[in-house]
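Feature annotation from Swiss-Prot assigns [4Fe-4S] cluster 1 binding site to Cys26, Cys62, Cys96; the stated evidence is sequence analysis. Per Swiss-Prot, the feature [4Fe-4S] cluster 2 binding site maps to Cys172, Cys176, Cys179. Taken from Swiss-Prot, the feature domain 'MTTase N-terminal' covers 17-135, and the record attributes it to sequence analysis. If you look up Swiss-Prot, you'll see 158-388 marked as domain 'Radical SAM core'. Positions annotated as domain 'TRAM' by Swiss-Prot: 391-453.
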Amino acid sequence: MLNNIVNTIHSDKNQKGTFFIETWGCQMNEEDSEKLSGMLKNIGYKNAEDKNQADIIIFNTCCVRENAELKVYGNLGALKGLKSKNPNLIIAVCGCMMQQEGMAEAIIKKYPFVDIIFGTHNSYKFPEYLNRAKQEGKSIIEVWDKEEEIVEGIPVDRKSSTKAFVTIMYGCNNFCTYCIVPYVRGRERSREVSDIEKEIKELVKSGYKEITLLGQNVNSYGKDLEPKVSFAELLRHVNEIEGIERVRFMTSHPKDLTEDVIYAIKECDKLCNHIHLPVQSGSSRILKKMNRYYNREDYLNLVNKIKEEIPNVAITTDIIVGFPGETEEDFNETLELVKEVEYDSAFTFLYSKRKGTPAYDIEEQVPEDVKHDRFKKLVEVVNKSCEKNNKKYQDRIVKVLVEGESKNDKNKLSGRTDTAKLVNFIGNKDNIGKIVDVKITKTLSFSLEGEEV
């Protein structure tokens with residue numbers, strides 16, 4: 001592991017200026033942006049609330065779906081005018097999208113005003129690239145094809161002062177046929193337990209109450225370490241860290257979620273009763289084409305085991321509609337599975353062709369109108385399930401970690417239960433950052449309302 005690498009890259013802390021980071025994509029991207037922000041603040045820069053006033057603009061991109069890429073193109077085009085007015089403006093583009101073959105060159109060709117392009121494997125070197133861009137006055141492209149060892153000691157500028165992401169591993173070895181992630185994030189690499197523990201203890205000192213352990217597939221954690229450490233062992237270890245009050249994790253691949261992990265959640269008091277368990281499809285035939293390594297029966301057996309051991313657990317999921325070759329029968333199997341599991345919530349997506357993935361070349365693509373029709377039906381079923389689960393909370397007193405003011409009503413506070421339910425409630429603002437009791441007075445499809453007691 002490389003430690004305190006940032007200090008060796010760029011020691012000048014007298015930089016003056018502002019920066020703006022726009023992030024698309026998953027929680028891993030969000031944490032990457034927090035690290036970019038941390039590095040910039042470490043050398044003297046400050047956040048700009050408006051990108052029009054920034055000296056540095058960074059777009060941290062996602063390529064999991066086409067829509068995310070289109071947003072990047074549109075937003076990049078809008079920066080041309082800003083660059084014309086302010087030639088000293090530094091524009092950087094990074095993230096998963098840049099790891100795609102030929103993408104960096106295509107971006108520079110279409111948007112020659114971009115100053116810096118870098119990928120997911122070397123974001124820790126951004127201060128160096130920034131320095132070079134200022135001195136050399138020409139575009140810098142630094143996209144590494146292969147991942148290197150994990151870099152520790154990068155400063156992190158976290159958005160929340162209450163809860164934090166803690167990455168425990170990077171990359172993915174699963175190669176689902178629809179997914180670009182293994183190609184742009186590299187192979188699985190686990191952080192040492194001691195490094196994870198150190199980061200969490202530092203968060204506790206700073207007043208954080210909740211952490212979310214992050215990885216593309218957290219259940220594979222530790223397989224590459226010597227000696228090997230299981231994810232369940234890590235969970236039990238983290239549960240013993242004094243001061244942290246809640247521990248979450250995501251994302252779990254169903255094929256790797258062991259009984260030991262289920263027992264750890266059941267037995268460890270700080271582990272939240274919430275599991276995000278992406279099913280992607282309810283059809284065994286489609287799951288095989290997706291290369292998911294489990295079938296419908298396997299998944300349902302796992303869900304039943306989870307519910308048997310953790311009675312009050314909340315289960316959420318991801319579902320893809322319109323995977324190539326999906327028939328009406330396949331889709332109906334997905335609907336029936338959603339009804340049977342009764343998810344607390346679900347992220348639903350239209351299948352998006354990703355160049356470089358095996359599914360891209362499958363000829364039997366589902367027509368767009370059929371995909372949209374199925375998507376609408378799925379959302380209706382999911383929403384009914386969410387509403388049904390939320391109604392169980394009516395008149396109950398639940399513990400809520402107060403995260404801040406409600407986005408929709410400044411007179412209310414907002415937070416989440418250990419089952420990840422969003423609660424907007426009337427309460428004391430002095431309790432922001434604390435866990436309080438809230439009586440639920442109203443249930444909605446996607447949130448709860450209540451009063452602090």
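Using the three backbone atoms N, Cα and C, a Cβ is placed for every residue, glycine included.
Values in this document were obtained by computation on a predicted structure and should not be read as measured data.
Features per Swiss-Prot, on structure.
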residue	record	DSSP (3 states)
Cys26	[4Fe-4S] cluster 1 binding site	coil
Cys62	[4Fe-4S] cluster 1 binding site	coil
Cys96	[4Fe-4S] cluster 1 binding site	helix
Cys172	[4Fe-4S] cluster 2 binding site	coil
Cys179	[4Fe-4S] cluster 2 binding site	coil
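Other residues of the chain with a Cβ within 8 Å of the Cβ centroid of Cys172, Cys176, Cys179, the [4Fe-4S] cluster 2 site, are Asn174, Phe175, Tyr178, Ile180, Val181, Pro182, Gln216. Highlighted in sequence order, Trp24, Gly25, Met28, Asn29, Thr61, Cys63, Val64, Ala68, Gly95, Met97, Val181, Val184 have their Cβ within 8 Å of the centre of the Cβ atoms of Cys26, Cys62, Cys96, the residues recorded for [4Fe-4S] cluster 1, and are not part of that set. If you draw a 10 Å sphere around the CB of Cys172 ([4Fe-4S] cluster 2 binding site), it holds 22 other CB atoms from the protein chains shown.
Residues within less than 8 Å, Cβ to Cβ, of Cys176 ([4Fe-4S] cluster 2 binding site) and separated from it by at least 6 positions along the same chain comprise Gln280, Met290, Asn291, Arg292.
Compared over the binding-site residues Cys26, Cys62, Cys96, Cys179, the count of CB atoms lying within 10 A of a residue's CB peaks at Cys96.
Recorded residues Cys26 ([4Fe-4S] cluster 1 binding site) and Cys179 ([4Fe-4S] cluster 2 binding site) have their alpha carbons 13 Å apart, per Cα-Cα distance. Cα of Cys96 ([4Fe-4S] cluster 1 binding site) to Cα of Cys172 ([4Fe-4S] cluster 2 binding site): a distance of 13 Å. Residue pair Cys179 ([4Fe-4S] cluster 2 binding site) / Cys62 ([4Fe-4S] cluster 1 binding site) shows a Cα separation of 12 Å. Here the domain 'MTTase N-terminal' (17-135) is broken down by DSSP into helix, strand and coil counts: 62 helix, 23 strand, 34 coil. Residue counts for the domain 'TRAM' (391-453) under DSSP (helix as H, G, I; strand as E, B; rest coil) come to 4 helix, 32 strand, 27 coil.
Over the domain 'Radical SAM core' (158-388), the average per-residue pLDDT in this prediction is 97. Across the structure, Cys62 ([4Fe-4S] cluster 1 binding site) and Cys172 ([4Fe-4S] cluster 2 binding site) place their CA atoms 16 angstrom apart.
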